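Novice: Take a look at this one; I'll ask things after.
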Amino acid sequence: MAPSTSKQDRKAVLDTGAWLFNVSTSVGIIMINKQLMSVYGFNFATTLTGLHFTMTTLMTLVLRCMGYIQPSHLPAFDLAKFALCANFSIVGMNVSLMWNSVGFYQIAKLSMIPVSCLFEVLFDKIRYSRDTKLSISVVLAGVAICTVSDVSVNTKGFISAVIAVWCTALQQYYVHNLQKKYALGSFDLLGHTAPVQAASLILSGPLVDYWLTEKRVDLYDFSIPSVFFIVLSCVVAVGTNLSQFICIGRFTAVSFQVLGHMKTVLVLFLGFIFFGKEGLSIQVVMGMLLAIVGMIWYGNASSKPGGKEKRSYPLVEKVQKSQADEELGLMKG
């Protein structure tokens, strides 16, 4: 009984640490990028993402030297599929935000949860209990009340949103699936994917950003403060990318999406504190509370027997335990 309890406590510590790591870095990078784009006018989002993955690639090289990333194999076809989905997700989200109203953009982001559920049902044969389905609906309703205002749609905006949603959901599914399928740790998978994404986004980013903004990144008037925020954004992005792989690897893409909406609530709350309270209303507060209730309900419902029944993968327990130790050691360090 004691060893089992100790194992559960250890998992709870790792799970909590992973979520706190992801929430703090994700909220942090949103606030930093908001400052960088709104104050200093650096609106080259795709190029900035390429810089993020370049910094992440450097981090994986350091981790490899430290022994956190072990030699592993990921087939080129699977790597190409992942990189393609991830890059289309990034570009698609940027284009969707440009071509759609903010309200429709938020609805598109919310639709990632049912799409992620569909992937898990089709590919992993997962079955959700009634309480789990209802709790997801409550989260969606709460976040929609918080964020959706004007909703208008056009053909090209709708197409870009569909591409963005499906590619993002598929990319997040691949993060979980590839780790389990090839017994890869989160650090190992990031070591394979980050260099490919960095190279492709650095090459294509300036062209995509010019198409979106009609401005050239090489003509941007760099200053010491703007360079400071670019570097800070890249440093925090390393934690964001790493924590995403850790969280989805430990949970699933659906759980990552559902509980990840806590970041939406925090961004709204911090936005009211640091950028003004004109958007604060009873509707927004009620939506935030409803979303939080739904997240707590989802966590409880999905953890119960039958809440989420899924097919197991033939992983080696030794690999899983070793990677968990490495992740805990890095988060503590």
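Each residue, glycine too, has its Cβ placed from N, Cα and C.
According to TrEMBL, the feature domain 'Sugar phosphate transporter' maps to 25-298. Look at TrEMBL and you will find 44-67, 79-97, 134-151, 157-175, 182-202, 222-242, 254-275, 281-301 tagged as transmembrane segment.
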Novice: Between the transmembrane segment (182-202) and the transmembrane segment (44-67), are there at least three Cβ pairs closer than 8 Å, leaving out pairs fewer than 6 positions apart?
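Specialist: Yes, these stretches are in contact.
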Novice: What residues in the same chain, six or more past the boundaries of the transmembrane segment (222-242), come closer than 8 Å to it by Cβ-Cβ distance?
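Specialist: Sequence-distant neighbours of the transmembrane segment (222-242): 21-22, 24-26, 28-29, 32-33, 35-36, 40, 42, 48-49, 51-56, 59, 186-187, 190, 194.
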Novice: Which value does the mean pLDDT take for the domain 'Sugar phosphate transporter' (25-298) in this predicted structure?
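Specialist: Per the prediction, mean pLDDT sits at 85 for the domain 'Sugar phosphate transporter' (25-298).
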Novice: Excluding the flanking five residues on each side, which residues at least 6 beyond the ends of the transmembrane segment (157-175) place their CB within less than 8 Å of a CB in that stretch?
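Specialist: Answer is 78, 81-82, 85-86, 88-89, 92-93, 95-96, 99-100, 104-105, 108-109, 111-112, 115-116, 119-120, 123, 189, 244-245, 248-249, 253, 256-257.
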